[in-house]
Amino acid sequence: MQPLPPEEARRDGAEDAQWSRPECQVWTGTLLLGTCLLYCARVSMPVCTVSMSQDFGWNKKEAGIVLSSFFWGYCLTQVVGGHLGDRIGGEKVILLSASAWGFITAATPLLAHLSSAHLVFMTFSRILTGLLQGVYFPALTSLLSQKVRESERAFTYSAVGAGSQCGTLVTGAVGSLLLDWYGWPSVFYFSGGLTLLWVCYVYRAHPGLGRSGARPAGVQAHQGALETALPEAFRLGWVFNVVPWLVAIPASLFSGFLSDHLINQGYRTIAVRKFMQVMGLGLSSVFALCLGHTSSFCKSVVFASASIGLQTFNHSGISVNIQDLAPSCAGFLFGVANTAGALAGVVGVCLGGYLIETTGSWTSMFNLVAAISGLGLCTFLLFGEAQRVDLSPTHEDL
């Protein structure tokens, strides 16, 4: 019996390492919850900023520094997180970072009262949270690219990605109640404590994760602008806190199902990815522009829901396209791409705040979002490919 050619042997080895369907379902649910808690911790500060500003005497500029400082740290660990995910396993990176950011989130009220330098300590905690959360999505991309079958990849990624809307929804709804009933520290205790409980559950459910040993080896600007608007939105009532995120959850699941279905029906992978990106960056930006040009509350809810819901189509577009191109080093490549996105988020938040301050209108910010999204979309439509380019064995050192 002749040995298989190296490329076929690598493909068979990669398929053997993939999750079975029951395993994939369990991990999808587990990671969806993890993503939900990631955003619970991430959105806790925007939810509490207004109350904290009143307690500590922050003005809008100082509150903006605290909010945007998350992205300062978030930019720095994307590549590191992806590289570590490719080398030692994305699940290990996720759990280690979640342990740390969960602890920091739960300890935020204590940090805020350590001294009179509230702004310095809160800015530092946000930078540190950004550093720790920056590894999550690159490590997640590495994990899913190696463990999930190509025919199920878009739906799995979209389902896990729906946790971001779930987390925003939970913190917006439950966090608002906790804020009213018990004050802003309770929001941080809630999100940080749940994260630590999730980490304990995963370690108990998957004890093998505790063993040591390494294995051989445009969107962020949109999100950043929206997070700038969150503190104001959270004062407008439960409708803006809940409805757009309720729309986004089924939209994310539908986009993943539709993407996998179209590919299984014989449509070219790159054509499907580009179609999803048109929806996720193009059409969503149209509704963002509409949101900036209406004064009707009902229309604002509809436009915001449509824009945020359509953004989830990115999960089945460029986010999973990296896994199409190079599953053996998808974490590293996603880290590089997301670093650029996070930098755009930093610039977008600062520029958005400046535009709002100088023009006195949100319209200019939504125009900025549409311009950046349009540039990213055109770039992907012109240069995007889906043909696999990595010829190296899975987990090879980079």
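Cβ coordinates come from backbone N, Cα and C, glycine included.
Because TrEMBL annotations are produced automatically, they should be read as predictions rather than curated entries.
The domain 'Major facilitator superfamily (MFS) profile' annotation in TrEMBL covers 27-398. According to TrEMBL, the transmembrane segment annotation covers 93-112, 119-137, 157-179, 242-263, 275-294, 332-356, 362-383.
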Worksheet entry | Surrounding residues of the transmembrane segment (93-112) on its own chain - C-beta under 8 Å, 6+ positions past either end | 31, 34, 37-38, 41, 44-45, 52, 56, 81, 84-85, 118, 121-122, 124-125, 128-129, 132-133, 135-136, 139-140, 143, 184-185, 188-189, 191-196, 198-199, 202-203, 209
Response to the item:
Long-range Cβ contacts under 8 Å made by the transmembrane segment (157-179), restricted to residues 6 or more beyond its ends, are 28, 31-40, 42-44, 47-48, 51, 140-141, 144, 148, 186-187, 190-191, 234, 238, 241-242, 245-246, 248-249, 252-253, 255-257, 259, 308, 312, 315-316, 319-320, 323
Worksheet, complete the sentence: Averaging pLDDT over all residues of the domain 'Major facilitator superfamily (MFS) profile' (27-398) gives 84
